[in-house]
Amino acid sequence: MAGGKTKKEKARPAGHTPYQGGISFHKSKGQHILKNPLLVDSIVQKSGIKSTDVILEIGPGTGNLTKKLLEVGKRVIAVEIDARMVLELQRRFQGTPHSNRLQVIQGDVLKTELPYFDICVANIPYQISSPLTFKLLKHQPAFRCAIIMFQREFAMRLVAQPGDKLYCRLTVNTQLLSRVSHLLKVGRNNFRPPPKVDSSVVRIEPRKPPFEVNQKEWDGFLRICFNRKNKTLGSIFRQKSVINLLEKNYKTLQALNLAPAQQGALEDTNDVMDFSDEDIEMDDDGVDDGMEVEDGNAEGEVSEFKKKVLSVLKKAGFEGERSSKLKLQQFLDLLSEFNKDGIHFS
Ligand SMILES: C[S@@+](CC[C@H](N)C(=O)[O-])C[C@H]1O[C@@H](n2cnc3c(N)ncnc32)[C@H](O)[C@@H]1O
């Protein structure tokens with residue numbers, strides 16, 4: 001374990017846990033250090049690292065995982081936000097045979113332009129789980145795989161299958177871009193200080209080639225589908241707010257005489273999918289409560305546009321289906337059916 005002499009305990013602000021090397025851990029930076037060497041070995045072994053691999057590590061901390069990664073890979077590039085940890089890493093590896101194969105970048109990984117890497121192995125601060133997953137999956141050229149420790153519930157959302165309680169928009173968005181599998185359950189006592197939640201290590205492999213989909217369209221479509229994931233799509237697509245939005249898109253695109261796929265080509269769109277945590281939809285109880293306002297005038301007449309939307313749903317056989325049970329391919333098929341009829345989500 002890295003660290004110098006034991007220092008006398010001083011009064012520390014709340015949220016800081018003493019570390020015997022003199023560094024206190026900041027909860028605000030998600031500093032929960034892996035203290036179980038057997039677990040570190042197991043993560044490295046399950047990563048399938050090759051001796052030719054350039055490894056990206058996010059948040060190396062005091063370097064417990066970094067040390068093992070340097071033993072098996074060609075090079076480690078470690079991105080660390082905390083200057084004290086960067087110093088500790090330099091101190092720990094200076095003068096060792098590994099030192100010229102370790103590159104430490106000091107900075108916020110979310111704001112850092114990532115270099116080429118073959119594989120990412122990381123015990124990350126959980127507060128950046130969503131944007132980091134999104135950033136990695138956007139990275140080009142695509143890496144081989146990422147082995148990442150997440151908070152257990154977040155990990156279970158990533159690997160969920162249709163019908164699972166945690167199946168959500170984040171699941172479908174992640175699985176559109178990658179294959180995700182659960183590798184290891186990790187109890188909180190393997191960390192110092194222990195976090196309040198248990199963790200899991202997950203393997204993420206970018207799909208090569210990726211599914212061909214207009215990402216703005218996909219994002220708009222899924223937001224609607226998962227607005228209430230246990231309602232039938234028929235019920236969701238009858239809502240006035242949904243019909244109004246789709247009709248507005250329809251009229252705008254007709255006026256421009258341009259489909260979003262073509263439009264996207266004209267724009268510089270880097271803001272693809274948004275995996276932010278606040279977007280994880282509320283769980284509902286699976287009962288259609290009929291509270292949403294349906295589209296239609298006072299006489300109950302249904303607009304031509306609404307008929308068009310509902311006929312696509314019906315024709316494709318999705319009217320009675322619920323997002324909580326749909327497979328990725330079914331979402332792709334339904335979006336394609338809507339688009340064929342000129343109904344767009346962006
Ligand atoms: C959970 S600790 C893991 C430490 C070490 N890898 C281990 O397993 O023992 C997370 C590390 O990420 C760093 N960190 C937090 N936010 C970060 C960010 N936005 N960018 C890069 N590093 C960050 C923290 O300073 C901390 O060292």
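A Cβ is built for glycine as well, from the same backbone N, Cα and C atoms used for every other residue.
Binding of S-adenosyl-L-methionine is annotated in TrEMBL for HIS32, LEU34, GLU80, ASP108, ASN123; the matching candidate from GLY59, GLY163, GLY187 at the same site is GLY59. Its Cβ placed at the centre, ASN123 (S-adenosyl-L-methionine binding site) has 28 other Cβ atoms within 10 Å. Here the binding-site residues are GLU80, ASP108; the one with the fewest Cβ atoms within 10 Å of its Cβ is ASP108.
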